Amino acid sequence: GDILDDYLRTDGVWILTRNKQFYTTNNEKECAEKCEAERNFNCRAFLFTRKKLQCLTLAENAKMTVTFDSTDAILYEKKIYLLQCKRGIGKDYRGMEAKTQRGIPCQKWSEKTPHNPNYTPEKHPDAGLDENYCRNPDGDESGPWCYTTDPATRFDYCNIPECESQCMQCNGEDYHGEVSRTESGLECQHWDAQEPHMHGFTLKHFPEKDLKMNYCRNPDGELRPWCFTTSPTKRWEYCNIPRCTTHVPVSGLGSQCLSGKGEDYQGRIAITESGNACQHWNTQFPHRHGWIPDRYPCKGLEENYCRNPDGEKKPWCYTTNNSVRWEYCAIPHCDGTEQGIAGMTVPTQVPLPEECYRGKGQSYRGTTSITASGKKCQAWNSMFPHRHEKTPDRFPNADLRDNYCRNPDGDSSPWCFTTDPTTTWEYCSLKRCDDHIQE
């Protein structure tokens, strides 16, 4: 990968440091190479000035010293020195924790009192043994440690948290790590950029999805984190994020009644509101689908229980009825009221009699969200299971709300993208109005 991938870039910032070296370089990569090769001190960061092409390697980073604005400067800080957590046994931990798990201050690695150390900066120059920071120079299975300033305790381990953000739980919806390359090695496109690929995943429209820099994320419920790539020939690709070793338990956490959209519902109702039995999630008969339990380990897709894995209006399931692909379920509300009892409500997937369109249906503003073959519509602001360009911000006058059938592009009638991974789009289950009858 690119040498600069190991650094966090900040434009327009200068830091004050006593320990530095000046070099003349042509670009940031050459300056990074000087930092990697620095032998006068542990190089934690470097400054590069565009006009003078000046390179300063630094012993300190922004966490350790004073910063101020400087228009022409770019600060690159080694990510490894910014992490305050450990990965695995923490052999590469370079954070600034300097006390043991019992709160005893650490002895400096270069000092000989109160303990004469076996591990010193001279003997182990690549182990990061600077100051009195906790380190793991010997690959101890229990993690970073240090010699202590207590004469009665030669050494002790440090309490360094695990970098859970560097791995993913479930499908990585909560992944906040800094991986910015795809599984094939392509660099990720910045989320706030529209080149080389235009898209609707902006911080403005998805403020809660942490779409920072060009880090891999999963804002739309994909199988795992992904990003748009900087390659014009590859629109997007998954990222290679390891699964966390500690798992979030699914069973028992959910609600047994309906609150909100019922996304946390974990009850055992397995019949739809019209009385159809639910199809088991781990089977593909009578209806083929993409909601396979192994792929979505935290969605609670157990047995044939009603669930809401995709942010629908309420829990639903595929049915065992050949002619009805899926239906909503009647789940009791948590406030005690019964919701959607069969026979008292019109099934959502059947258009109401007055649901019809005129002309090509570009003015249609109804709430039908089912295709002609009975498939559920994908929400317009979602990119799962199908990525597309028909987003609400691109077509502000088309009323692309929720997953309602619309005709934003002047097709022959209202349509939608479907939630079936094998069918990109279909026309909707709508009839043309009798144009002779006045509205």
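Cβ atoms are placed via backbone N, Cα and C, with glycine included.
Look at TrEMBL and you will find 1-80 tagged as domain 'Apple'. Mean pLDDT, taken over the domain 'Apple' (1-80), works out to 89 on the 0 to 100 scale.
Taken from TrEMBL, the feature domain 'Kringle' applies to 84-163 (among others).
DSSP labels the residues of the domain 'Kringle' (166-244) in these numbers: 1 helix, 13 strand, 65 coil. Summarising the annotation, TrEMBL assigns domain 'Kringle' to 166-244 (among others).
Among the features that TrEMBL reports, disulfide bond is placed at CYS167-CYS244 (among others). In the structure as shown, the Cβ atom of CYS167 (disulfide bond) sits within 10 Å of 17 other Cβ atoms.
Taken from TrEMBL, the feature disulfide bond covers CYS188-CYS227 (among others). The Cβ neighbour count for CYS227 (disulfide bond), using a 10 Å radius and every protein chain shown, is 26.
Here TrEMBL flags CYS216-CYS239 (among others) as disulfide bond.
The domain 'Kringle' annotation in TrEMBL covers 256-334 (among others).
Long-range Cβ contacts of CYS257 (disulfide bond) within its own chain (separation 6+, distance under 8 Å): TYR265, GLY267, ILE331, PRO332, HIS333, CYS334. Here TrEMBL flags CYS257-CYS334 (among others) as disulfide bond.
Positions annotated as disulfide bond by TrEMBL: CYS278-CYS317 (among others). In sequence order, ALA270, ILE271, THR272, ASN304, TYR305, CYS306, CYS317, TYR318, THR319, THR320, CYS329 constitute the residues six or more apart from CYS278 (disulfide bond) in its chain with CB-CB distances below 8 Å.
Feature annotation from TrEMBL assigns disulfide bond to CYS306-CYS329 (among others).
What TrEMBL records for 355-433 (among others) is domain 'Kringle'. With DSSP states grouped into helix (H, G, I), strand (E, B) and coil, the domain 'Kringle' (355-433) comes out at 0 helix, 17 strand, 62 coil.
Cβ contacts within 10 Å of CYS433 (disulfide bond), excluding its own Cβ and spanning all protein chains shown: 16. Under the heading disulfide bond, TrEMBL lists CYS356-CYS433 (among others).
For CYS377-CYS416 (among others), the entry in TrEMBL reads disulfide bond. Cβ contacts within 10 Å of CYS377 (disulfide bond), excluding its own Cβ and spanning all protein chains shown: 23.
Residues annotated as disulfide bond in TrEMBL: CYS405-CYS428 (among others).
In sequence order, the disulfide-bonded residues near CYS167 (disulfide bond) (Cα within 10 Å of its Cα) amount to none of CYS216, CYS356, CYS405. Of all the disulfide-bonded residues listed here (CYS216, CYS244, CYS356, CYS405), CYS405 has the Cα closest to the Cα of CYS416 (disulfide bond). There are 24 other CB atoms within 10 A of the CB of CYS239 (disulfide bond), with all protein chains counted.
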